[in-house]
Amino acid sequence: MSSKRLIIALDFKNFDEMSKFVARLDPNSCVLKVGLQLFISEGNKVLDFLSSKGFDIFLDLKLHDIPNTVGKAIEEIAQFNVLMTTIHLQGGMEMIAAANQAKGRIKILGVTLLTSLDEGDTQMLYSNNFDNQFNNLINVAEKSEVDGIVCSSKELNLLSSSNLIKVVPGIRNQDLSDDQKRVMSSKEAYKNGANYIVVGRPITQSKNIDEAIREYS
Ligand code: C5P
């Protein structure tokens with residue numbers, strides 16, 4: 001596993017915007033996250049470009065489908081130089097087994113409950129409260145031997161004994177008054193067991209990118 005612990009989310013519209021930003025980064029200081037927007041707009045060439053510049057890549061497509069489809073999709077992802085990729089734990093044991101079988105050297109991270117869901121959603125969807133449903137998904141993660149999970153900073157304290165790699169978005173060192181609600185500072189998140197934190201706008205929109213990277217590393 002790499003020693004870098006800061007993942008920068010490349011939430012850009014297109015290749016031009018992304019590559020201008022990436023030109024200012026050092027591959028030794030961060031991992032880069034490619035999400036749905038950039039992957040749908042520009043496709044595989046983003047992965048080849050970042051890899052040619054020496055960056056470790058986190059491909060965050062949050063796959064959730066029947067086992068055969070997810071296995072085949074992971075097989076394709078495994079052709080690229082990607083460090084980590086995501087699937088939904090809610091896809092179940094068989095789907096996760098198919099992903100594990102196809103992953104090659106790639107680390108598979110299971111998404112627990114999206115931070116956009118709350119108690120009302122878990123009651124409606126699963127007739128279960130949020131914490132119980134979260135714990136059910138952690139059981140799935142542990143039994144299925146995924147490499148790690150994506151969870152909010154709020155759930156880190158429920159995971160202190162787990163050996164799963166913990167990847168944590170929703171990090172803010174200053175109040176940006178944006179759409180992130182359940183936030184934590186980078187220092188607290190690392191202290192509470194995050195192996196990686198995911199940071200987007202506080203770095204991509206910073207006036208001093210180098211200083212912001214130092215602050216969140
Ligand atoms: O700009 P910001 O720091 O909010 O970006 C966080 C990144 O982490 C975004 O790419 C977002 O999609 C992702 N993310 C998140 N919350 C989750 C899962 C992923 O904010 N639960």
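Placement of Cβ uses the backbone N, Cα and C atoms for every residue, glycine included.
When the candidates Lys33, Lys103, Lys143 are compared with the substrate site entry in TrEMBL, which names Asp11, Thr115, Arg172, Gln180, Gly200, Arg201, the shared residue is Lys33. If you take the Cα of Asp60 (active site, for OMPdecase activity) and the Cα of Arg201 (substrate binding site), they are about 17 angstrom apart, rounded to a whole number. Of all the recorded positions listed here (Lys33, Asp60, Arg172), the one with the fewest other CB atoms within 10 A of its own CB is Arg172. Overall, the recorded substrate-binding residues Asp11, Lys33, Thr115, Arg172, Gln180, Gly200, Arg201 cover a maximum inter-Cα distance of 18 Å. Among the recorded positions Asp65, Gln180, Arg201, the residues whose Cβ lies under 6 Å from any atom of ligand 1 are, in sequence order, Gln180, Arg201.
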